[in-house]
Amino acid sequence: MPEDSNKASNTARVVFYTSILTGGILSSFYVYSRYFRRFTCTAEVPKKIYRGRTLFGRVTSVGDGDNFHFYHTPGGRLAGWGWLRPYPETNKRGLGKETLHIRLYGVDAPERPHFGRQGQPYGDEALEWLRSYILGRNVRVKLFSPDQYGRIVGGAKVWKLTGRKDVSTEMLKNGWGVKYEGKMGAEFNGKGKLFQKLEDHARKKKIGMFQQKGKIVTPGQYKKDE
């Protein structure tokens, strides 16, 4: 009888410690997948985290006036980024395969030359403004939806001396774009009216792309004529 009692006691201990170990493994996997898994392309981002999560990382390249490439650094400095693990170089060749392509929500910048077609006035200036504002900076991106080009429509926020700034909002304030006119993939995060007011104000002040004389063709109108 004592031997049977010892066996039962040992079995109970094994079950107890196995349960603890299993629970620890499952908890670790959950924490990793939610907070420390690094996403390298749109296809890797689970649909369930759109509109509910933000991602932190470094802007590694800006190729147009309303989109950029973003190197996801989950956990930020707490996970060693910037001191134990180096940030990637900006504009590094081949890094595109390791980054998320972010399309700024709610805005449209002047088109630059492509496919042999002449670009719009102030397209290069809009690109330079965005580069100077976020290239090489850490940003936090709220994910809204993937678009038809494999990008992620998202809202980016960056810290400046005067506080955290929404990049789409600042772009419109400075006149380097218009409120997004398309119907497909339109995202405003509840700021549609504000964005229209900011565009109208920039037009009135004739700043940014609105410095040009004569009729102003918006990016949406320009793309319709392609």
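Heads up, the Cβ atoms here are built off N, Cα and C, so glycines get one too.
Since we're looking at a predicted model, the values are computed, not measured.
For the recorded site, R103 (active site), the DSSP three-state label reads strand. Residues annotated as active site in Swiss-Prot, with sequence analysis given as evidence: R103 (among others).
Per Swiss-Prot, the feature active site maps to E111 (among others). Under DSSP, E111 (active site) is assigned to coil, being neither helix nor strand in the three-state scheme.
For R151 (among others), the entry in Swiss-Prot reads active site. Of all Cβ atoms in the protein chains displayed, 19 besides its own lie within 10 Å of the Cβ of R151 (active site).
Annotation comment: Swiss-Prot describes D108 as Ca(2+) binding site. D108 (Ca(2+) binding site): 23 other CB atoms within 10 A of its CB, across all protein chains.
Taken from Swiss-Prot, the feature domain 'TNase-like' applies to 53-212, supported by sequence analysis.
Sequence annotations record features per position, and here Swiss-Prot assigns transmembrane segment to 15-32.
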Using Cα positions only, nearest of the recorded positions to R151 (active site) (R103, D108, E111): R103
